[in-house]
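Asker: Got a structure here, written out as structure tokens. Questions coming.
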């Protein structure tokens with residue numbers, strides 16, 4: 001058996017799958033090693049994809065050549081368009097996955113992809129050698145391969161670690177704890193020790209998941225039914241479906257009695273007893289944490305979501321907890337519709353090792369070990385979408401590393417992927433990181449619906465998307481700009497414009513003749529309305545949507561573009577790699593420590609390091625002007 005590979009990906013969750021596919025699609029012989037082949041792309045918690053910021057990540061992965069977007073479009077129970085009454089920066093799609101079909105079909109995709117070998121084993125050791133750095137006479141460590149629990153050595157030029165919650169994973173339910181990376185699945189106990197021995201800093205986080213209920217024991221007559229869209233906005237531009245699934249979800253609420261039971265049983269909560277003493281995701285708190293933090297809140301939303309059309313398991317979104325089994329049962333009896341519900345799987349917390357991402361370059365390669373990339377929860381993130389985005393970038397850059405090409409770096413003005421990676425490297429967070437629109441300074445530019453436009457140059461740089469699709473996207477982009485220019489040059493008389501508005505029951509009126517673009521700026525006027533009125537060209541929906549948005553929000557987009565120009569200037573003020581921050585007088589100790597840890601490549605990057613102030617930046621620039 002040939003055990004030599006270009007790239008080895010460790011872990012086959014959402015990060016590992018995207019990394020392996022990206023590497024293989026770029027022509028590299030790739031091994032994907034996982035503890036369990038049957039749980040590839042497993043949705044360990046909520047069986048859904050998308051949400052604020054997260055949907056943006058998925059569309060970005062998709063246009064660059066990743067898999068998640070088209071996969072959730074195909075294997076979902078429902079898709080829901082959210083925030084449709086809000087501005088374009090807030091509009092998104094959320095998909096409820098058929099988790100078993102999603103998982104099975106992703107494995108099939110991997111098995112049918114050329115250059116990928118699937119291997120079930122546990123990686124226990126990272127193998128390296130010392131080589132002389134070409135830029136100086138120092139020695140650096142370089143990847144040579146991995147060693148598994150079975151004693152097998154696999155050789156590789158590059159390794160991507162995408163280990164999820166399995167590094168020294170420990171499950172907690174009440175006062176019970178045991179080693180596992182996921183309930184019923186063993187943990188990887190030795191790999192993080194190997195990383196420590198290589199000088200990589202390791203810390204601990206935790207996350208948790210709610211109980212799963214037996215659908216047959218739920219009284220749905222007491223619940224509010226919520227259906228998806230028959231014709232949603234899909235995650236992928238290349239998805240063509242006549243009609244989407246509309247399997248419902250259901251809404252209920254906790255009651256006064258629920259809060260009373262939780263307060264009464266709070267002493268059994270692992271976060272109170274000390275059984276869990278690491279940080280969990282702030283934006284997905286357990287129900288006991290919610291009651292602790294918001295003791296006066298009378299009720300909390302609970303969404304009941306099917307996990308698959310071929311399963312009776314119901315995911316209880318909003319009831320995450322690791323309280324003892326008997327307490328979980330007590331809580332259910334206080335919730336409308338769930339009084340007689342039977343638990344199929346109890347909620348639990350899982351603690352695990354991760355490696356703070358300040359140790360990485362923006363390519364996601366480790367700074368100490370050449371050829372070692374990290375992606376997903378091992379970098380301190382939560383969420384399938386965050387994992388997939390990192391996995392894709394790590395897989396692409398692993399391939400670029402082997403070819404001796406420059407890594408693909410996406411900055412925070414170009415994509416939510418850039419925001420995610422930039423924040424991970426520069427901003428310390430006390431809990432697993434989640435992408436949010438509030439973290440993105442340029443939200444209007446980084447819309448869910450325009451990834452194909454803002455990332456077009458990166459699509460070509462990555463090199464996965466085929467020529468026909470690139471030509472299709474290029475034509476679509478040209479159509480957008482051509483039609484915007486056309487609308488700005490079409491003159492419409494005052495009388496004709498006002499008759500048109502009257503026909504749409506719009507009260508607004510013009511006092512003089514206008515350009516067609518001014519008519520489209522009116523809130524309730526769509527491109528389709530204008531198309532009929534002025535006999536305009538017809539385009540695909542995603543093109544028409546861009547024409548509308550770019551005209552209606554033109555002033556705001558221009559303002560944001562000016563801010564991006566200022567950002568880019570700082571990004572191109574490069575800091576020498578060998579700069580000695582100890583020589584710069586006046587910098588705070590906190591800033592000096594952060595700068596030494598991250599070693600920013602530009603002034604722009606330095607501004608985003610935790611603890612670095614504007615005064616510190618001024619001193620660095622002054623030092624560079626004098627000394628360098």
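Heads up, the Cβ atoms here are built off N, Cα and C, so glycines get one too.
Pulled the feature table from Swiss-Prot, pasting it below:
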BINDING   11, 12, 13, 14, 15, 16  FAD binding site
BINDING   280-294  NAD(+) binding site
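Describe the structural context of these features.
Answerer: Under 8 Å, Cβ to Cβ, and six or more positions away along its own chain, residue 14 (FAD binding site) finds 41, 68, 376, 384, 385, 387, 388, 391.
Following the DSSP three-state reduction, the secondary structure of residue 284 (NAD(+) binding site) is coil.
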Asker: Pop the Cα-Cα gap between residue 282 (NAD(+) binding site) and residue 16 (FAD binding site) into the table, whole Å please.
Answerer: 25
Asker: Can you give me the same-chain residues 6 or more apart in sequence from residue 288 (NAD(+) binding site) with a CB-CB distance under 8 Å?
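Answerer: Residues satisfying the criterion: 262, 266, 269, 271, 272, 321, 323.
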Asker: For residue 13 (FAD binding site), what is the secondary structure by DSSP, using just helix, strand and coil?
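Answerer: Once the DSSP labels are grouped into three classes, residue 13 (FAD binding site) ends up as coil.
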Asker: Among all chains shown, work out which of the binding-site residues 11, 280 has the most CB atoms within 10 A of its CB.
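Answerer: Checking each of 11, 280, the winner is 11.
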Asker: Given the binding-site residues 13, 16, which one has the fewest other C-beta atoms within 10 angstroms of its C-beta?
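Answerer: Each of the binding-site residues 13, 16 was scored by Cβ atoms within 10 Å; lowest is 13.
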Asker: Quick check for the class: what is the C-alpha distance, in angstrom and rounded, between residue 294 (NAD(+) binding site) and residue 12 (FAD binding site)?
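Answerer: With the alpha carbons as reference points, the distance is 37 Å.
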Asker: Here's one to test understanding: among the binding-site residues 284, 286, 290, 292, whose C-alpha is closest in space to the C-alpha of residue 11 (FAD binding site)?
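Answerer: In terms of Cα distance, residue 11 (FAD binding site) lies closest to 284.
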Asker: Write down the Cα-Cα distance for residue 13 (FAD binding site) and residue 286 (NAD(+) binding site), rounded and given in Å.
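Answerer: Approximately 23 Å lies between the Cα of residue 286 (NAD(+) binding site) and that of residue 13 (FAD binding site).
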